[in-house]
Structure formats: structure tokens, C-alpha cells
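S.K.: Here it is, the structure, as C-alpha cells.
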Amino acid sequence: MGRIANQTTASNDTDPFGRNEEVAKMEITVLSVTFFVAVIGNLSVLLAMHNTKKKSSRMHLFIKHLSLADMVVAFFQVLPQLCWEITFRFYGPDFLCRIVKHLQVLGMFASTYMMVMMTLDRYIAICHPLKTLQQPTQRAYIMIGSTWLCSLLLSTPQYFIFSLSEIQNGSYVYDCWGHFIEPWGIRAYITWITVGIFLIPVIILMICYGFICHSIWKNIKCKTMRGTRNTKDGMIGKVSVSSVTIISRAKLRTVKMTLVIVLAYIVCWAPFFIVQMWSVWDENFSWDDSENAAVTLSALLASLNSCCNPWIYMLFSGHLLYDFLRCFPCCKKPRNMLQKEDSDSSIRRNTLLTKLAAGRMTNDGFGSWRDPCNSRKSSQSIGLDCFCKSSQCLEHDCSRKSSQCIPLDCSRKSSQCIPLDCSRKSSQCMSKES
């Protein structure tokens, strides 16, 4: 993986039969560690997701397929490159050379664009939450299926570019090299790979996270304005679709996880593509030992990306690590610690939701619900944020026999209202969309 393509039209100023053995040993060591860490990490994630008792979500689906894409990278990019470095030359038939080169680029496309689709899903969940109610699982499967199909098609040209050929006429030494009829062919190929696998995805990711950050900032601003107005006139702010209370802690955690995955991708792959572009666009570039070391180091850094992702999943999703440890009876103590942390987190989350619900009610019965943000988007409402023409209340087993019901602004003609689990003397109830 030191070079995306070995062009047969390159100059042969250096000895084509030799190599720097010290650099080769370093490559073999790093690639071996990378392969085993990537396989163990991604298998752990897949095993944890298979054994989890939690309901599968869209995010779990994307994580699962991103792990599968990283497994493709490990077995069909890192492993062949490791064998290649051990043998120095490619020892195999021509069709195997073409297949290996195809699968190497297939893994790169699949892993990259699966990450892009996962980011797009987070963008929809944060910036357009109502769209997540419209067959979200079906949309996720379409996004994942299209990613695999496009990756397969975009990597197909490898079959026509690479073949088993002599590294020098009359040398009788063969290797799996790329053939370019025109001198500019190698430049076009490297530029296409760089744009398709790195530049376009990075631009899409930056745009998505720009909108996500703007949406979160806007909602924080709305929450601050609502809190200030509530303090002044005692009114209760309306809970809008774009409210901070709707952007749950779980969604924000998945956004953070996706952002870390994106940053790890950029850090690992940026040096590799920079060096590759430098090698084909700089006419003074030569493949001597010093520059070969730079190419090698950048390629090794790129290969580390496939073994970073599973540990990022484990870090941001505690239950995956717990579900993985459930497979090993000897890990009972750390498993219990993770279970306790997850339980404490659930208690804190439920307590926070109870306080938020109680904070929306006025003590004297009916409260006014208003939205401090004047934007049309923030005025859209679901569930709690509405005034109904009529509502029905169900009595709750509280200290008082009657329960007070807050009328809500619904788009429907009627809604059913159920009381909260009250600890106060009077019970208050919130609407439930019928």
C-alpha cells in the first residue's frame, strides 16, 4: 500500500530488484499488529452487537456495516499487503493480482462512504427530526445498500488497470503493477482516487457537521431565551421539534462519536493522499530511500484507521463493551461495574426528564405555552407542545382525587391526557398523542 499504483512508465534510475530491508521489517511489523488489532476489535464489536439485549437502532446498523467494511479493509487490503511485503514480489496468477487490487480499493470506498452515510443519518436526526419518523429503518437500509453497490462499481476499474507484468523488459521479474498508456495516466488515476475517497467525502462531512453545529447552537440559544423569558413573566416555553429537550443526550453522544470517527479518518488518511499527490504532480520527485520512508510511513498511518474505529465505538457506547464482556464469564467484575454505570446513567436520565416535565407545569393550574424563537421551523410541534380543543384526563393514584390537565396545542382535534406519577399533593398530567 506504499503506492496506490506502480506505473510501468516510471524511470528505473534505482535498482528495481532491491529494497530497504529495514523499512520492510518495520512495514511487516506494523501491518501485522494493525491486522490483528483490526480483526479483534471489529469482531468484538460485531459479537457485542449480536449479543446485545437492547433494541437495535439505526446507529447500531451503521456501526455494524462500518465494522464489516473495516473487516474488508483488514482481510483484503492490510493482509494482502502484509503478504506482499513478506515476499517482496507478488507471487500469484494474473487474475489474483486483479482481484486483490479490486478488493483493496473496494474496502477503502466502502469504509469511507459508510462513514459518510452515518454522518448524513446524524444530520437528518438532528436537523430534520420529523423525517426520522418516516420509515427510518428502510431509509437506513437503502443508504447502506447503495454504499456497498457504489463501492463495488467504483472499484471495478482496478481490473483493467492492474495486471501481472515484468517490472523491466527482459528482467523476467514479475509484479502486480498498473499500466498507463499515456504519461498523464498515473496522474489522472491518483487524482481520481484522492478526490473520490478523500476530498469529496471530507467536503460532505464538513458541510453536514456545519449544519449540525448550527442546529445545536440555535437550539441552545432558544433554550436560553426561553429560560430568560420564563424568569421574567412566569410563562412556560413551548417545547418545539428543534428544542434541546428533543435533541437527546443519546443523539448528542452519537454525534460526538461520529465526529471522532471522522477526525480519526482525516488524521490517518490525509498524509497518505498528500504524499501520493506529491509523488505524481512533482516532476522532481524520486523514489529514493528518504522519500520511500515518507511514503511508507504515510501508508502505515492510513492502515491504522481500520483498527481505530471499533475502540471508538466501545468508548462512546458503554453497553457494547458490556455486551462484549457478557461473552466471557471470567469478566464478571468489570461487567458489573459497567452495568452499574449504565444503571446510574438511566436513573440520572429519568430524574432529568421528570424535572423537565415538572418544570413545564405551573402550580396554579393552567399555564401559557410560548416559543421564544420566532422561526417557523421552531413552531412545529409534536406530542407535548400544543393546545387541544378537547382533552380527556385519567385519574392517577395521588393524594388528591382529581387531576389537573394542561390543554395542549395539537394538530388533531382531540388528544388523550394521562397524569404524571405525582409526588406532590396535586397531580398534573401531560398529553399523549392519540
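Cβ coordinates are placed from backbone N, Cα and C, and glycine is handled just like the others.
Dumping what Swiss-Prot says about this protein:
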DISULFID  CYS97-CYS176  disulfide bond
CARBOHYD  ASN6  N-linked glycosylation site
CARBOHYD  ASN12  N-linked glycosylation site
TOPO_DOM  1-27  topological domain 'Extracellular'
TOPO_DOM  89-98  topological domain 'Extracellular'
TOPO_DOM  163-191  topological domain 'Extracellular'
TOPO_DOM  279-295  topological domain 'Extracellular'
TRANSMEM  28-48  transmembrane segment
TRANSMEM  68-88  transmembrane segment
TRANSMEM  99-119  transmembrane segment
TRANSMEM  142-162  transmembrane segment
TRANSMEM  192-212  transmembrane segment
TRANSMEM  258-278  transmembrane segment
TRANSMEM  296-316  transmembrane segment
S.K.: How would DSSP class CYS176 (disulfide bond) in three states?
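M.R.: Once the DSSP labels are grouped into three classes, CYS176 (disulfide bond) ends up as strand.
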S.K.: Under DSSP, the topological domain 'Extracellular' (89-98) has how many residues in helix, strand and coil?
M.R.: 5 helix, 0 strand, 5 coil
S.K.: Between 28-48, 142-162, 192-212, 296-316, who has the most Cβ pairs under 8 Å to the transmembrane segment (258-278)?
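M.R.: Comparing 28-48, 142-162, 192-212, 296-316 against the transmembrane segment (258-278), the winner is 296-316.
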S.K.: Grab the same-chain neighbours of the transmembrane segment (28-48) for me: Cβ-Cβ under 8 Å, and only residues 6 or more beyond its ends, written as numbers and ranges.
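M.R.: Hits for the transmembrane segment (28-48): 63-64, 67-68, 70-71, 73-75, 78-79, 81-82, 85-86, 300, 303-304, 306-307, 309-311, 313-314, 320-321, 323-324, 327.
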S.K.: Could you pull out which residues elsewhere in the chain have a CB under 8 Å from any CB of the transmembrane segment (68-88), counting only those six or more residues past its ends?
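M.R.: Apart from its flanks, the transmembrane segment (68-88) reaches 1, 19, 24, 27-28, 31-32, 34-35, 38-39, 42-43, 46, 100, 103-104, 106-108, 110-111, 114, 303, 306-307, 309-310.
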S.K.: What number of additional C-beta atoms lies within 10 angstroms of the C-beta atom of CYS97 (disulfide bond)?
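M.R.: The answer is 21.
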S.K.: Which range out of 99-119, 142-162, 296-316 gives the transmembrane segment (192-212) the most CB pairs under 8 Å?
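M.R.: Comparing 99-119, 142-162, 296-316: 99-119 has the most Cβ pairs near the transmembrane segment (192-212).
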S.K.: Same-chain Cβ contacts of the transmembrane segment (296-316) under 8 Å, 6 or more residues past its ends?
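M.R.: Those are 1-2, 23, 26-27, 30-31, 34, 37-38, 41-42, 44-45, 63, 66-67, 70, 73-74, 77-78, 81, 111, 253-254, 256-257, 260-261, 264-265, 268-269, 271-272, 274-275, 324, in sequence order.
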S.K.: Near the topological domain 'Extracellular' (89-98), which same-chain residues lie under 8 Å Cβ to Cβ, leaving out any that are not at least 6 residues past its ends?
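M.R.: That would be 158-159, 162-164, 173-176.
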S.K.: Where does the mean pLDDT land for the topological domain 'Extracellular' (89-98)?
M.R.: 90
